[in-house]
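Here the structure is laid out as C-alpha cells; the discussion comes afterwards.
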Amino acid sequence: MAPVPPGIRFLASFKRDQWYRAFTFGLTFLLYTSFHLSRKPISIVKSELHKNCSALHELSTAGSRQLPSLHTETDCSWKPFDKSNYKQLLGAMDYSFLCAYAVGMFLSGIIGERLPIRLYLTFGMLMSGLFTCLFGLGRIYNIHNLSFYIFVQVANGLVQTTGWPSVVTCIGNWFGKGRRGLIMGIWNSHTSVGNILGSLIAGYWVSSNWGLSFIIPGLVIAAMGVVCFLFLIEREYCSVTGWRKSICVINPRSPSQNWDTELLLPVQQVVVVKSESEPSAISFMGALRIPGVIEFSLCLLFAKLVSYTFLFWLPLYITKAAHLDAKKAGELSTLFDVGGIVGGILAGVISDKLGKRATTCAVMLLLAAPTLYGFSMISEFGLGPTIGMLLVCGGLVNGPYALITTAVSADLGTHKSLKGNSRALSTVTAIIDGTGSVGAAIGPLLAGVLSSRGWNQVFYMLMAADFLALMVCARMLIF
C-alpha cells in the first residue's frame, strides 16, 4: 500500500479531532442536563405533599355522598407535611439541599483534581440517582419521617457537587479561549433544558404516584452515569515526536495517570507511550491566589442570589401580581429561563469579541438593577408587559451568572500565572460555584422573610445584590 502523505494524515486527524470535540460537547451537555432534571421534581411535588383539603372535600361532596368522610387531613396531605407549618418544612428541604451543595462544592473541586474525571463524575451520578430514587421510595414504602427526607436531600446535595467542576473541566480542556464564551454560552443552556424536562417528567406522575416523579429522573441520571463511564473522554493531548507533532491525541484516561494513547493514521492502531511527568494538582489556597478568582467568586455570590430567588419565588410573585392561577404562573415563569438562555449566549459572544469578561458582566449587572425595578412596577399592568420584562430580566440576571460559571471559570483555571498547569480547572470552578451557591441558599431565605413585608422589599434586596455584584466587577476593571 502506498504511503499516506503527511498532509492527508493531518487532515484526517483534524477531522477526527473536531468530531471528538462535538461529541464531548454533546455528551457533557446531556450529562449535566440529567443533573438539573433530577433536581426539579421537588418543586413540582410540593403541591402534592400538602394539598388544599377543604377544596378536595367540596369536590368529593359534589361527586358522591359516600366520599366526604374519607377525606381527612391525613388523606389529602403527606405526613409530616400535613401540618400548618408545612411551608417551613418544605423550605427546610430546599435549604438542606442548597446548603449541602454549597459546602460540598468547595471540597469537590479539590477531590476532583486528584481523581480521574470520568470515574469521579460517574460515581457522583450513580449516587445522585440512588438518593433521588430514595426520595420517591418514601412514597412507595409510606415513610413519614422528616429526618429521612432531610437526609436524602443533604446527601443528594453533596454528591451532586461532583457534576459542575467535572463537566466544566472537561469542556474547558477541549475548547480554547478563542470562542469559549460563545461555545459555553450555548452549552450552558443545559440548565434550562434540564429544568423543563424535569418538570414534564415529574408532572406526568405527580397526581397519580408522586414517588415516580423522583424515581424516573433518578434512573435517568444513573443511566447517564453509565454512559459517562463508557464514553467520556476527558481531554486531548498532542504528540511531540516526528511528523505526528501536529496530530492531537485522544487520551481516555486522566492526566494523573502516566500514559498517553496515540492514534496513528491511517490504520488507526493504538500505541501506548510513556508521557512526561504531569504537573501536580493545585491547592485550595493556591487557587485563591490566581488573579480574579476571589473577585469573580464574590460577584457570582450576589448574581446567583438574584437568579435563585427568581427560581424559587417567581411563580408565586406572578400569581399575586398578574392575578393568574398557579399553573399559568408556572408556565409564564419559564420565559425567565428563555431570556436566561439568550442572555448567556449574548454574554459569551460579546465577551469573546471584546476579550473582556469582567466588562461584559459589569455592563449587564448595571442594566439589571433598574430593569428589576421596572419589572416590579410594570408587571402590574397586564400580561404583555410582564412577558417582555420577564425575557429582559432573565437575560440580564442570568447572563453574568452563566458567563462566570462557564467561560470565566475555564479562563481562570488555565490562567497564565499557572505556567501551563491545567490541573487547577476543577478546583477553581468549585471555588467560584461553591461561593455562588452560598448566595443561592441565602437569596430564597431572605425573600421568604422579606415577602411578608411586601414584594417591594424583595426587589430592593435583589437590586442591592446586583449593585454589590457590580461593585466587585468594577474593582477588577479599576485595579
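All residue numbers here begin at 1 and follow the chain in the order shown.
Placed from the backbone N, Cα and C atoms, the Cβ positions cover glycine too.
A quick note: this is a predicted structure, and the numbers were derived from the prediction, not measured.
Lifted from TrEMBL, the feature list:
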- 27-479: domain 'Major facilitator superfamily (MFS) profile' (DOMAIN)
- 19-37: transmembrane segment (TRANSMEM)
- 89-111: transmembrane segment (TRANSMEM)
- 117-137: transmembrane segment (TRANSMEM)
- 186-206: transmembrane segment (TRANSMEM)
- 212-233: transmembrane segment (TRANSMEM)
- 293-314: transmembrane segment (TRANSMEM)
- 334-351: transmembrane segment (TRANSMEM)
- 358-375: transmembrane segment (TRANSMEM)
- 387-412: transmembrane segment (TRANSMEM)
- 424-446: transmembrane segment (TRANSMEM)
- 458-478: transmembrane segment (TRANSMEM)
Return the stretch with the most CB pairs under 8 A relative to the transmembrane segment (387-412), choosing among 89-111, 293-314, 424-446.
293-314
The transmembrane segment (212-233) vs the transmembrane segment (186-206): 3 or more CB pairs under 8 Å:
yes
Looking only at residues six or more beyond either end of the transmembrane segment (458-478), which have a C-beta under 8 A from one in the stretch?
292, 295-296, 298-303, 305-306, 309, 313, 317, 358-359, 361-362, 365-366, 368-369, 372-373, 375-376, 397, 400, 439, 443, 446-447, 450-451
Looking at 19-37, 117-137, 186-206, 358-375, 424-446, which one has the highest count of Cβ pairs under 8 angstroms to the transmembrane segment (293-314)?
424-446
Take the C-beta pairs under 8 A between the transmembrane segment (186-206) and each of 19-37, 117-137, 334-351, 358-375. Which stretch has the highest count?
19-37
Are there at least 3 C-beta pairs under 8 angstroms linking the transmembrane segment (334-351) and the transmembrane segment (424-446), leaving out pairs fewer than 6 apart in sequence?
no
Give the nonlocal contacts of the transmembrane segment (19-37) in its own chain as ranges (CB under 8 Å, at least six residues past its ends).
121, 125, 128, 160, 163-164, 167, 170-171, 174-175, 183, 187, 190-191, 193-195, 197-198, 201, 217, 220-221, 224, 227-228, 231-233, 236, 250
What residues in the same chain, six or more past the boundaries of the transmembrane segment (89-111), come closer than 8 Å to it by Cβ-Cβ distance?
39, 42, 46, 49-50, 80-81, 83, 120, 146, 149-150, 153-162, 164-165, 281, 283-284, 287, 308, 312, 426-431, 433-434, 437-438, 440-441, 444-445, 448
